[in-house]
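Straight from Swiss-Prot, the features:
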BINDING   13-21, 40-41, 72-74, 167-171, 200-202  NAD(+) binding site
MOD_RES   58  phosphoserine
BINDING   154  substrate binding site
MOD_RES   158  N6-succinyllysine
ACT_SITE  167  active site, proton acceptor
MOD_RES   171  N6-succinyllysine
């Protein structure tokens with residue numbers, strides 16, 4: 001049986017924490033006892049998440065041990081480096097749980113997709129996860145700390161999706177990146193896993209036409225879209241020692257879609 005407060009001593013860094021899956025992950029990790037460093041490109045959104053957790057909402061005033069909001073563009077190496085420095089300065093330790101949820105879509109058919117739309121999605125969804133994974137791992141290794149890194153991919157990274165060449169490529173890359181990181185970092189006591197959501201009710205999927213959603217729902221054996229909390233459940237398991245011998249895994253949270 002899973003024990004309560006499985007993450008009582010953990011410091012968790014969550015990117016994309018201002019909405020959707022990232023916010024749900026932040027809430028769930030906090031309920032399990034973790035202190036959450038909630039990061040988002042939108043500082044106000046990150047602060048709102050921290051307010052929901054009962055924290056301070058700004059890295060400038062939060063004492064060590066309080067849930068705290070941070071702002072960073074994960075596609076920029078300097079910003080990610082500063083983020084890890086700020087988190088460590090605030091809490092006097094590196095995050096032992098790192099969850100990369102930051103992502104975006106710029107959908108278009110392959111024949112019409114612009115180079116800018118391709119580049120931006122790859123920069124945030126794939127390069128951003130590389131930068132966060134690298135910086136977090138460097139901080140953990142230099143401190144001699146164990147950790148769990150969880151990267152949010154997508155089932156689309158395995159099967160593709162019409163109109164999402166850039167998104168599918170970025171999410172497929174996340175799977176390969178995470179598996180390789182798991183091979184390299186295991187000897188340091190750092191586990192790396194990816195979570196592959198299916199169609200989840202988030203601000204991102206709210207842009208999808210209803211007729212498309214109806215078609216997708218008809219393909220899901222469980223008969224409905226997932227909730228962000230469903231993804232948060234999987235992330236929490238991978239963050240905890242309940243999954244202590246799991247690394248390099250890709251956990252699908254899809255309701256059975258594309259089995």
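Each residue, glycine too, has its Cβ placed from N, Cα and C.
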*Got a sec? Which of these binding-site residues, 40, 73, has the most Cβ atoms within 10 Å?*
40
*Could you say which of the binding-site residues 13, 168 has its Cβ with the most other Cβ atoms inside 10 Å?*
13
*Any idea what the Cα distance is from residue 202 (NAD(+) binding site) over to residue 167 (active site, proton acceptor), rounded to a whole Å?*
16
*Measure the Cβ-based neighbour count of residue 158 (N6-succinyllysine), defined as the other Cβ atoms within 10 Å of its Cβ.*
16
*In Å, rounded, how far does the Cα of residue 168 (NAD(+) binding site) sit from the Cα of residue 154 (substrate binding site)?*
8
*Cα distance, residue 73 (NAD(+) binding site) to residue 154 (substrate binding site), nearest Å?*
21
*Do you know offhand how many angstrom separate residue 16 (NAD(+) binding site) and residue 167 (active site, proton acceptor) by C-alpha?*
16
*Could you state the CA-to-CA distance between residue 19 (NAD(+) binding site) and the residue listed as 'active site, proton acceptor' to the nearest Å?*
19
*In whole Å, note down how far the CA of residue 167 (active site, proton acceptor) lies from the CA of residue 40 (NAD(+) binding site).*
19
